[in-house]
Amino acid sequence: MNIPVKTTDASYDVHLGENILHDFCGQYKALLEKADQLVIITDEHVWSLHEQYVREHFSFPFKVYIVPNGEACKTFDSYFDVQTFLLQESCSRNSVLFALGGGAVGDLTGFVAATFMRGIPFYQIPTTILAHDSAVGGKTAINHPNGKNMIGAFYQPQAVIYDFHFLATLPETEVRSGLAEVIKHALISDSKWVNEFFELPSIKSIEKETLLKWIEKGIRVKAHIVELDEKEQSYRKYLNFGHTYGHAIEATVGYGKITHGEAVMIGMIPALMLSEKNGNVAVGYTEKVYEIANRLGYNFQHVLNCSFEQLAAFMLKDKKTTNGELHFALLQEIGEPIVQVISMSEVQACDEQLRKWIKEGI
Ligand SMILES: NC(=O)c1ccc[n+]([C@@H]2O[C@H](COP(=O)([O-])OP(=O)(O)OC[C@H]3O[C@@H](n4cnc5c(N)ncnc54)[C@H](O)[C@@H]3O)[C@@H](O)[C@H]2O)c1
Ligand SMILES: [Zn+2]
């Protein structure tokens, strides 16, 4: 199955399905044969799990460069090391990169591709559920000690090859993390879809077919919004639903100590509370989402390890904050996102409510 993505800069396809890596090689044969070198950038963990599958199904000669797992690869050092490798291997403007991994490898590889010799083509081969989001849309970045994703570029891939084969090895923590972005895509697009999550007894109970259907829907939501607004001038801000407070939690708890998705799930609760107050979301809806999030094992205790002052300080220096005003993605109705200016005291009231729920164990 293909989902087309058309932005002002580029048009490309997201290919989805089980065991599609080999077919992709056939479909893109003419393009890939023109390249002087194909280089797969991946992380240690993904490569140890999937080297054999890739060697069996990727039908062209390739080189591989292995970076550290997870967020540790989004450093200046890693970025520099990949560039050094490409230069040492005599890569040129005719070389092509492949990001094989989760969002971290995708973000790093995309940024390397955007800047090596002023830009070379790259393909995303996402291996996590979360990367159904990060691999689509062309945001690439590395981190700076002063902030996450601070150095980057909008740079679209040539295609995204989402081979479900890779998902089989994902640990439950990563399924939970990725599912949060899927739930976000549901909340900002389709209230009936959200109801499907309310019926889930646990993460383990999710059937593979259901998960794949949700991933496809999530990609469609993301692709549609990116098409409307590639460079985050307007509609793309909707994708930040849950991220203002979520990013503050992620940064305060510490990257690597909480997954991105878990932080986003936590961040969606204050965003929903604000949507009840400022939009037409039914009173009590947030509590329902909070309950299902607990049932699915999202750990809200992290909030109690952060002071509101820490979170507020982070929200104020977020790159989405302008002149000290918080531009919050909210829901007018479930499935209907809006962006509103919200005062810090309104956020604080939601933070207090959330802490109360966590302490009372509702
Ligand atoms: N560019 C964007 O639009 C965008 C959007 C959302 C998130 N992000 C970024 O994505 C990153 C998070 O992505 P992520 O959650 O995929 O994390 P990740 O890339 O750090 O991967 C998480 C862990 O899962 C492992 N892993 C990956 N695939 C696996 C598999 N198939 N089986 C077993 N283990 C596997 C990795 O080795 C890693 O240890 C963050 O850096 C975030 O900033 C970017
Ligand atoms: Zn996110």
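Residue positions begin at 1 at the first shown residue.
Keep in mind that glycine also has a Cβ here, set from the backbone N, Cα and C atoms.
Record features (TrEMBL):
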{"type": "DOMAIN", "residues": "65-176", "note": "domain '3-dehydroquinate synthase N-terminal'"}
{"type": "BINDING", "residues": "Gly103, Ala104, Val105, Gly106, Asp107, Thr127, Thr128, Lys139, Lys148, Phe166, Leu167, Ala168, Thr169", "note": "NAD(+) binding site"}
{"type": "DOMAIN", "residues": "178-321", "note": "domain '3-dehydroquinate synthase C-terminal'"}
{"type": "BINDING", "residues": "Glu181, His243, His260", "note": "Zn(2+) binding site"}
Where Thr128 (NAD(+) binding site) sits in the secondary structure, as DSSP reduces it to three classes: coil
Cβ-centroid neighbourhood (8 Å) of the Zn(2+) site, Glu181, His243, His260 excluded: Leu130, Asp133, Ala180, Lys184, Gly242, Gly246, Gly261, Ala263, Val264, Gly267
Other CB atoms, at most 10 A from the CB of His260 (Zn(2+) binding site): 24
Residues among the binding-site residues Thr128, Glu181, His243 that border ligand 1 - Cβ under 6 angstroms, in sequence order: Thr128
Pairwise C-alpha maximum, in angstrom, for the residues (Gly103, Ala104, Val105, Gly106, Asp107, Thr127, Thr128, Lys139, Lys148, Phe166, Leu167, Ala168, Thr169) that bind NAD(+) according to the record: 29
Top Cα neighbour of Glu181 (Zn(2+) binding site) in the set of binding-site residues Gly103, Asp107, Leu167: Gly103
Other CB atoms within 10 A, centred on Glu181 (Zn(2+) binding site): 27
Rounded inter-Cα distance in Å - His260 (Zn(2+) binding site), Lys148 (NAD(+) binding site): 12
All-chain count of other Cβ atoms within 10 Å of Leu167 (NAD(+) binding site): 22
His243 (Zn(2+) binding site) versus binding-site residues Val105, Asp107, Lys148, Leu167 - nearest by Cα: Lys148
Cβ packing number for Asp107 (NAD(+) binding site), 10 Å threshold: 26
Integer average pLDDT (0 to 100) for the domain '3-dehydroquinate synthase N-terminal' (65-176): 97
Secondary structure at Leu167 (NAD(+) binding site), reduced by DSSP to three states: helix
